[in-house]
There are 2 protein chains.
Amino acid sequence: MGMAPVAHVLFNRFMNFNPKNPKWLNRDRFVLSNGHGCMLQYALLHLYGYALSIDDLKAFRRIDSITPGHPEAHDTPGVEVTTGPLGQGISNAVGLAIAQAHTAAVFNKPGYDLVNNYTYCFLGDGCLMEGVSAEACSLAGHLQLGNLIAIWDDNKITIDGDTNQAFTEDVLKRYESYGWHVLTVEDGDHNLDKIAEAIQKAKEVTDKPTLIQLKTTIGFGSKNQGTHGVHGSPLKADDIKQLKEKFGFNPEESFAVPQEVYDLCHKAAAKGAAKEEEWNQLFAKYAEEFKAEHDDLVRRQKGDLPEGWEKNLPVYTPSDAAVASRKLSETVLNKIFEAVPELVGGSADLTGSNLTRWKGAIDFQPPATGLGTYAGRYIRFGVREHGMGAIMNGMAAYGTVIPYGGTFLNFVSYAAGAVRLSALSQVRAIWVATHDSIGLGEDGPTHQPIEVLTHFRALPNCMVWRPADGNETSAAYYVALTSKHTPSILALSRQNLPQLEGSTIEKAIKGGYVLHEVEGADITLISTGSEVCIAIDAVKELKEKHNIKARVVSMPCMEVFDAQPKDYRLSVLPDGIPSLSIEVMSTMGWEKYSHEQFGLNRFGASGAYLDVYKKFEFTPEGIAKRAIATIDFWKDVPNIRSPINRAFTQLI
Amino acid sequence: MGMAPVAHVLFNRFMNFNPKNPKWLNRDRFVLSNGHGCMLQYALLHLYGYALSIDDLKAFRRIDSITPGHPEAHDTPGVEVTTGPLGQGISNAVGLAIAQAHTAAVFNKPGYDLVNNYTYCFLGDGCLMEGVSAEACSLAGHLQLGNLIAIWDDNKITIDGDTNQAFTEDVLKRYESYGWHVLTVEDGDHNLDKIAEAIQKAKEVTDKPTLIQLKTTIGFGSKNQGTHGVHGSPLKADDIKQLKEKFGFNPEESFAVPQEVYDLCHKAAAKGAAKEEEWNQLFAKYAEEFKAEHDDLVRRQKGDLPEGWEKNLPVYTPSDAAVASRKLSETVLNKIFEAVPELVGGSADLTGSNLTRWKGAIDFQPPATGLGTYAGRYIRFGVREHGMGAIMNGMAAYGTVIPYGGTFLNFVSYAAGAVRLSALSQVRAIWVATHDSIGLGEDGPTHQPIEVLTHFRALPNCMVWRPADGNETSAAYYVALTSKHTPSILALSRQNLPQLEGSTIEKAIKGGYVLHEVEGADITLISTGSEVCIAIDAVKELKEKHNIKARVVSMPCMEVFDAQPKDYRLSVLPDGIPSLSIEVMSTMGWEKYSHEQFGLNRFGASGAYLDVYKKFEFTPEGIAKRAIATIDFWKDVPNIRSPINRAFTQLI
Ligand SMILES: [Ca+2]
Ligand SMILES: [Ca+2]
């Protein structure tokens, strides 16, 4: 309630939007970073005429409503990004502002100021305390994002009570140190003109984001105003009654909105609709003069990729050289960057290791720095993995770019909070996650992932790819880029991998496939990434030394494999044969696909890559030993059942 | 190499330590937050006489050496905390300083300034960019930790190149905004006196942590000094040669240390040893005057708990009221806080939800605030989960406290980077992780964990507990507190849970046990936490409506269950009966214990708790339906094998 006055000023006097078309490209974006206050946002959306009825408001926090306990972008028209986990919304707002600046730089032309919207964000003390927002806001200052305006609900209260218990830093000074423009409104409860003045000033500073400190009283109007007792708890009945009387509503009616309030809001909305109409005319004119750009922008907003882009994906044969999959990923980027102009991304200060930059890429930088331009497509995120993840979510939500970000696989975990929201809010964001196992060698256990793939495989609507060679790397990019509503993590090796006999893009895009088949096989070996070629060597070892016939399945992406028809899955993992999974990290989750599991359920070791693999027996001999144990253990079981068979299907 | 001059000044002129006893309580702590520069730290430890030989240095980054690619506390004498993942070390340093301030406040007496050490930390640009350090350093400023001195290697270079690409904020201004004392040394390459002067000034400011900006040249002395080409890459042979000549070493010898260098270092070490000797005498005198405190401090350093503390753990019978396990956890804290005085912790601004504060607790606050004292044991961490996790690691490393921290289970993910290091560096840190499932209800999918338990179960050396009732909650605390080298996550419910017939602390500390046995069972139901009581209701449903006999296993902690002897595990999950796991989150990992899995492999929903459970069929009927499907599916399989049976054992 403390933010109701500023929300009124912002929506009524400043923001451009058309409730009848919540997807209008040049609308101003509104992000409620302190998402627990979402009743305010739902109420605004309702009042201004978005497709959100009084009944929807009444169903607040009820099952299957479009008004859940925190705002979810894919559920509710007018909600731009999914917020609630603190610090995410403001970081998403930085991503929205980056995408806006980039889209403007690419598409605006003299006389065609097509893209010039602002991103407004409300945030509370909690958002300011979270490290993710510190990362994103430091970068926003560096990037001089003048179209970003954040309004801090400075109510001196958090859930634990007074902010002086834990949060006594000088916030404005901190934001100044980031390069932000900062302002204060002393009386955020009453002084609407001062609020408007501050927003106006913020708009006038075009080379810095602005933070407005708005001093408010939590639960303003409530009998408990100014205490943490009103933080997220519903008001008591008598308090609601006195509050309604105080603000001129009929205390006996619930959810009764005076007609003059609707009228006021609908008038503002009509202005927004007119603005869109004007914009549509401009865009039609643009189509005549800049046909290619126009069509490109239309296409991007649909989420479709340019026709034929996939022809650029590299294809390999076994005679091609062994190459690290991080390097194969670099080759993909070099081949497709021209064909997929909406691909915009970078690395969290590991460009030379992640190999995320194509030749001749221009950096996304403020032109004043001389280091690049806003039309540049390569982002220097700095050592800010969590910020990068949340920024990617905002960029994707803008609707004109596909973001990607590089770091070591192990440090995608730093960004777990943001990756979770990528999945929940169904955005296409791509993690280029190199150094994907103990195979990174010398850096040692602090950098070697063990639990990371399991973690993100268990996250719903998140694809984890671990390609074994060049064709599988191309397949991973193909599926990641064509999955409009799902984020992807591409786990890529530091060490070289041979190009495999039997791999193709077509097979790999099924998530799992038979790489090596043999009549009358004694065992199925299932593996991913850098261990697939060792499994292939184990086939030889088993045949030559033990007269055992093994078939090999490559499973670059479990989630995609799970989506295949059952008969296909059973053809890959058939009944009647025992199976062994091989992956140099946690075995957790592999029981779903294999009878026995060879993995690493402990931390790794610092040493040369081959020494580390040998220590943990990830060699043809180590695999053969366990394959024999598996065959032995299952030989008495008649009619061995493939793990694909299940007693019942899971709810989706 | 840029930090070699300051390291020399710090170790030689300032730090108190005895290489012959790296565990001396009052030693100054040194943390290398930019852990990739660990060769410097290893070299220092060697020169000063820690148990680290020239051969150990030669084995740098080789398999099974004590000189891995990043410093690991449990591997190498003299390494206080495990660093490398950026931002962690400086945050650990905050934890070390908190533990120091607390230990001093509790144990120092007039005439006995027993605990007064400093914590020194080196950090680089990467550490400063990470959000985790922002969280921890903001709190450090609030807490006025005067004994914390951080030295920033300001070399203007990161891996991607010049810091002006992504990191142009005003760092000193930011730290001032946090309430830190800041200083600059212009010539950190040469001017040892200015360096010493700055450290001296830092020590004199006792009510603020200090950040010293040390302007250095990366790879100082190398032909490529000042470029990112020397960041983490070994120097070329000719460069090493000219470098040795420049600094007066014999260019033909590797690892040859001039005797005068050893002499200098050993002289400083001898001074440290004398200081310890002096301290030991003081401590012996303290023993005479303050016997209880003396013995308490000795005990704490061993990691042992006070004799008989566990008698305070509450025990329940089925006639006791149904209570949420977060509330049961609060009861445990209230019962044991007196008996376990080293328990020090708090919450990330969710005290009233996590119920982490015992009655009458005193806050850990600077006395000047009037809000508490340094002897206080309740920490207001603020909305800073990742910082809290890293601070807990530092607190545990100090050696006199056992840290705990509260947040919602879903937001332990924000701290994944720190939890991973708790596990790797083998520290006893306890997460009180409430609101552990869709059972939190209205807050909705943004707050409802799905993948979180799987994630941390897959993390080696990390216990995940999900107690089903009061006795299991007591058991969780018992094992968490007595496991000296393993962190724990206690997943606790928001909703009430009945006290179960058949649960005891003794059974539950085995990690999994038979809660309900029945002769000639048709199926085993395995469950955890809030679903166990529904499984018990499903037993009735199955018996009464379907004449099916079900036994129930409660599995509060998989990791602890895995450590039991095989015959015990087989008695819990026997051969010959099909089994079904029941847990309202990702099924991933449950295939290891059960034949079929009932879970939630999608995001949850916002609504009243019971409505959400019903939507996803977590009801006696929903369980019964799947139990019947399981029995049906497995009826044709003769000699059903328990999943406990495996073809081979995993490497540890
Ligand atoms: Ca607040
Ligand atoms: Ca640096």
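Any Cβ shown, glycine's included, is placed from N, Cα and C.
TrEMBL entries are annotated by machine, without manual review.
Record check: TrEMBL places B:Asn155, B:Ile157 at the Mg(2+) site, and the matching candidate among B:Asp113, B:Asp125, B:Asp193 is B:Asp125.
B:Ile157 (Mg(2+) binding site) falls within a strand when secondary structure is assigned with DSSP. With all protein chains in the displayed structure included, the most crowded Cβ environment within 10 Å among the recorded positions B:Asp125, B:Glu385, B:Asp443 is that of B:Glu385. Nearest by CA distance to B:Arg494 (substrate binding site), out of the binding-site residues B:Leu86, B:Asp125, B:Gly126, B:Asn155, is B:Leu86. In this entry, B:Gly126, B:Ser353, B:Phe411, B:His447 stand out among the binding-site residues B:Gly126, B:Ser353, B:Phe411, B:His447, B:Arg494 as having a C-beta under 8 A from a C-beta of chain A. Among the binding-site residues listed (B:His36, B:Asp125, B:His435), B:Asp125 have a CB atom closer than 6 Å to some atom of ligand 2, in sequence order. Comparing CA positions across the recorded positions B:Gly84, B:Gly126, B:Asn155, B:Glu385, B:Phe411, the one lying closest to B:His447 (substrate binding site) turns out to be B:Phe411. Comparing the binding-site residues B:Leu86, B:Ile157 on other C-beta atoms within 10 angstroms of each C-beta gives the minimum for B:Ile157.
In the three-state DSSP assignment, the secondary structure recorded for B:His435 (substrate binding site) is coil. Over the domain 'Transketolase-like pyrimidine-binding' (B:323-499) the predicted model carries a mean pLDDT of 98.
Comparing the Cα of B:Ser353 (substrate binding site) with the Cα of every entry in B:His36, B:Pro85, B:Asp125, these being the binding-site residues, the smallest distance points to B:Pro85.
When the CA atoms are compared, the recorded positions lying within 10 A of B:Phe411 (thiamine diphosphate binding site) are B:Glu385, out of the candidates B:Asp125, B:Ile157, B:Arg326, B:Glu385, B:Asp443.
Here the CA atom of B:Ile157 (Mg(2+) binding site) lies 47 Å from the CA atom of B:Arg326 (substrate binding site).
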